[in-house]
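Here's what TrEMBL has on this protein:
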{"type": "BINDING", "residues": "14, 16, 180", "note": "Mg(2+) binding site"}
{"type": "ACT_SITE", "residues": "14", "note": "active site, nucleophile"}
């Protein structure tokens, strides 16, 4: 077992880009949304760089397509139409192309066998999360699941992490946040958690080796 897991009272995980690769399904939904707006498809490479901060930001990035997303008004008819179309399309595809990353079950099973509480803290809208966890056999691991709309704030705010620590009676200083981007690492640092970044995720254009995590790994199996 890696030394970072010594005396750990809580393991908190990001979802997309950390435990699962959901970009194929997200891309299908974004492309369907864009086609409905008479715009060209985005494709997986673009969508991969856009995910991680929730559906609202993802849709805004798709509409902006390289421009400042602040130019996209969330109250505009365009945004509301696009957001509704994306949510409908993503809900309909039911994670058909989403897969777990190699190595994740090695860590999850290790932690479960040692009765280490685990929380899932994602910025994905909660309505999509339970079904994805169930179909990928991930639901049995987590004592707490938070979506991006479960609380008043989402990552990079530390609020979801501190809420999880409080609910699961863990000391933040003895808790660990695992994610694939600066969004996760920043949230963990602000909450006083130890942090681990994975290199295989989405990273939002900033290599995770530059995010200041306590440890960067190529596989979650390295933590066992």
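For all residues, glycine too, the Cβ spot is worked out from N, Cα and C.
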Exercise. So which of the binding-site residues is most packed in, judged by how many other Cβ atoms lie within 10 Å of its Cβ, out of 14, 16, 180?
Worked result: 14
Exercise. To test your reading of the Mg(2+) site: which residues beyond 14, 16, 180, same chain only, put their Cβ within 8 Å of the Cβ centroid of those residues?
Worked result: 15, 17, 18, 19, 52, 122, 179, 181, 184, 198, 201, 202
